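Noted in TrEMBL for the protein shown:
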- 105, 106, 107, 108, 109, 110, 111, 112: ATP binding site (BINDING)
- 12-698: domain 'Myosin motor' (DOMAIN)
- 978-1164: domain 'TH1' (DOMAIN)
- 575-597: region 'Actin-binding' (REGION)
């Protein structure tokens, strides 16, 4: 069963100020202090949340707390900012109502932290998923970037927002975030050039100097020492609790997550460094011959470094600091600037440069986090804006900040009353008019188009002649003197003439939060916010892409002589747009209060908080809320909470909830004028009635608790007794069982002993009988054995006698047969000897004849041989005699030459018989036979291969030769660089894959192309919006590249080859390539082309050959990298190739990750 809780349970003080009784400013503060002392920093005023800054970490923002407040009623748990965030999110998700959360309060009250908590809660409770988590991460990571560039340390707050921020978070129909849009208001750019004592410049300057690497600082021409820069205050350079180096790393990481490219980050850092360099530029006076004063730069080193960072000519910027050009319709007038004017121009440039950089950052973040789908979105707006400011010295900034707060207070009262009235009408309760202070008269005093203070300030700025802050004050005294909320020293209202608290150069406005004294000094300059046109034009000439975007008015081709709108006019327009936006949404309010000026925990400064309660209009909020009915609740929770107060409704009411509440209120005898019944809620007019019900409920709960305790104790004692009784029965049963088991064991043991003795006696008796029987059987066996042995021996002797008789006969017969055989043998041998003697005699005779013939032949041969030997010796003697003088000196060399010649002849004949085939790719070659022929062997192999290749080339036609030249050039470009190249080697280059000259479908396209078409193929043109491809016909010629529609043949684009600067491809096995065009050319209006083809190697090879053969242009550059930039109109998009698992077969997929990244997923090759 789910436990029901309420705001009223375990309440410290009063959780909702609407229920405070009695209501006064003192009781209001006392209730805040009581809750603050018990670490209860959140309090309600109806649906408004009051947030006290605790200046310490509290364990109330854990994931468990998020789950606790998730999908719970607003008043179901104790006050918390999560309750308001959950109520707003559920209304947006379930009721399709656009929401806005307005966070106000003075600096240091915790507005920025409150907005972070709201966004983190919404991110925690909305849907999950890869895309959703990426959007949430980008939305959350936009905060560190904006805080670094828009926050600073002040005397009131170490991380004070010096700009107003409104973020619209867009959701889909499921409640998942799709993106967001950020609007910024009134950056305090004067802080760039000057900070009050004890305060710092914007965080990013200190973070850059502390956290950047030495290499980065060297590139930016910066030093780590803060004291070297005039724009950075020294007394608060280091803030305890702030790690600037770690924060710089956080900001860099956040910019990467949001989607900033690395070159964009470097450009931003260069501009930040340029602002620091600007502050170090100092001027000295010089007098001209005509007596006028002019200024000159003292040390030009900082100016030089700044110009190098931004790519500006030093002389151009130096002249812009020394002269001012005023342009009329038909003439230009150039005047010199004195030192004061030069310093003003320098500071104006620094302020404008930083302010425009901040605006560009907001725009760039919006590009990354904006929702991509164009369907209708649900929107939750979060407004984090400065609270009402009353300082000792209030100027133009405080005036427009307080004007914004007046508008917010006006819309708060209007929306609160409207919401109250709509609820009364919806519930059928009679609406009563509520008396309240309407601050529309104050807003009209400031923003009226004719007589408003802002209108008169703009009129004075535009008026010709001498215009000063004093003339503006005089005009205010003339026009607004009769206004009841305007006071000045020279007012026509005489009661202020003796008011010496009003200085002569000041005026006072009675705001809803109190009277504020404004000093008019600086109103005109701050409202004008002028930047000399010379400086704008000098900045536009910079060779820096970001600078050109920040100063578009410096373009000489677009000179606008119209005066730019004033700061007051721009802010009033922004506030008007904001008010219209807020009025279309359901409002939710968070009022932040700063408990003390020491930024320390556990300190409650009553005077400071009383001041904030007044100017935040919290008492007014409570009175408006309590003007009708102080408390309202739906019937079901009301009956569930108070049903124990009536016997008829306790413990269960079976009818409708409203009928049960009516019975309950009638039984309690609550006066009828104290409450009313709506359609779904009961409305209680006075908090005393609610407290009466709570007191009765508390007493009843005590009685119920006593009754429950009594019943529980009785049940517990009875349960204990029954348990003891049951235990006794179990113990007795177990004991009886144990005793019987022991008795049985004893009887069983005795029986076993008796049985063992009886079985032993029987066994021994049987053993004796068996032994006797065995001895008798052994005796009979022995006797039978002796008898059988005697009989066997007698039979053996008889058999032996018979065998001896038979053997004697056999021996005699054998001897007789041997005698007969020997006689026969001797007879045969005699006959054989006679025959052999004849043969031997004949053989001896034949041998004698042969030996005689042999001796004769040998004698004859010896004679012939002797003659030959004697002749040879004679010939040798003749030769030796003739060549004796040469033979001894050159015999060795001749023999060596003869031997080498013979070896070489044998080698060449063998080589001729074993030559390999005529194919150039045949690598076979006969083995070397002699070591000294190694060099000749290799050289002959090389010569043979060259000759074989020449013979092979001589068979080529011109067309085939061109194909092989293209293949060779493709090898030089892509071999070992592109994974797709090996698979293309075996594929011939056809060129005209579409047969464009023969196909009648493309006849019109063929006629439209003047030059010879070198290649015709179908490629896919990649769309940057979704990564999908559109089929196009790709036709390169010697002068241009033509892209045409595949279906109609209509020419879509024609790019002259001189406009084509380079081609980029990846190292993977994909077919993507980018044609990069020359910046500023007519072909580059729509940006570069990102294409995909199955014949990428052939296409790029032909384009490269065209560039190599042309003499009137540079050779085409081929860039092979897995990450390159492509220019799409005005944006640069990074194309990144990654390896991944194939999703659709083995195809390559292209997907847009954000506005600046296209990711191509290439299947991994085995």
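Heads up, the Cβ atoms here are built off N, Cα and C, so glycines get one too.
Where the annotation comes from TrEMBL, it is an automatic prediction and has not been curated.
The number of other Cβ atoms within 10 Å of the Cβ belonging to residue 111 (ATP binding site), over all protein chains shown, comes to 28. Annotation for residue 112 (ATP binding site): same-chain Cβ neighbours under 8 Å, separated by at least 6 residues, are 147, 151, 159, 161, 384. Within the model, the domain 'Myosin motor' (12-698) carries an average pLDDT of 82.
In sequence order, 51, 53, 387, 592, 593, 594, 612 make up the list of same-chain residues 6 or more apart from residue 109 (ATP binding site) whose Cβ falls under 8 Å from its Cβ.
Take the mean position of the Cβ atoms of 105, 106, 107, 108, 109, 110, 111, 112, the recorded ATP site; other residues of that chain with a Cβ within 8 Å of it are 53, 157, 160, 161, 387, 592, 594. The Cβ of residue 106 (ATP binding site) lies under 8 Å from the Cβ of 156, 386, 387, 388, 389, 592, 594, 612, each of which sits 6+ residues away along the same chain. Under a cutoff of 8 A between CB atoms, and with a sequence separation of 6+ in the same chain, the neighbours of residue 110 (ATP binding site) are 51, 53, 592, 594.
In sequence order, 51, 111, 387, 591, 592, 593, 594, 612, 616 are the residues near residue 105 (ATP binding site), counting only same-chain partners six or more apart with C-beta under 8 A. When Cβ atoms from all protein chains are considered, those within 10 Å of residue 108 (ATP binding site) total 22, not counting its own. The Cβ neighbour count for residue 107 (ATP binding site), using a 10 Å radius and every protein chain shown, is 18.
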